[in-house]
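Going by Swiss-Prot, these are the annotated features:
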type	residues	note
SIGNAL	1-20	signal peptide
DISULFID	C36-C48	disulfide bond
DISULFID	C42-C65	disulfide bond
DISULFID	C47-C68	disulfide bond
Amino acid sequence: MSALKFVLICGLVLLLIETIPGVSLNLMRATNRHQCDTNDDCEEDECCVLVGGNVNNPGVQTRICLACSRK
């Protein structure tokens, strides 16, 4: 039961930190970006980038629009 309390307390602390104006841990940053297939699906100052997983474990990967400089 103490492990459950620990998880709940940590979750509440993270939630409080995220709600402080000007402070963000970017926990939801990727989900706020829209998905894309090519750079044409993104704004002019964004690029379509493959995110998620790593070399040893590809896991779940998706393409999202992130800020970049395209010329």
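Please read every residue number as a count from 1 along the shown chain.
Placement of Cβ uses the backbone N, Cα and C atoms for every residue, glycine included.
Long-range neighbours of C68 (disulfide bond) (same chain, six or more residues apart, CB within less than 8 Å of its CB): D45, E46, C47, V49. Taken residue by residue with DSSP, C65 (disulfide bond) is part of a strand. Counting in whole angstrom, C48 (disulfide bond) lies 7 from C42 (disulfide bond) by their C-alpha atoms. C65 (disulfide bond) and C36 (disulfide bond) are 6 Å apart (CA-CA, integer value). Neighbour count (other Cβ atoms within 10 Å of the Cβ, all protein chains): 17 for C47 (disulfide bond). Between the candidate disulfide-bonded residues, C42, C48, the densest Cβ environment within 10 Å is the one around C42. All protein chains included, C36 (disulfide bond) registers 18 other Cβ atoms within 10 Å of its own Cβ. Annotation note: C47 (disulfide bond) sits in a strand segment as assigned by DSSP. All protein chains shown were included, and the count of other CB atoms within 10 Å of the CB of C65 (disulfide bond) stands at 18.
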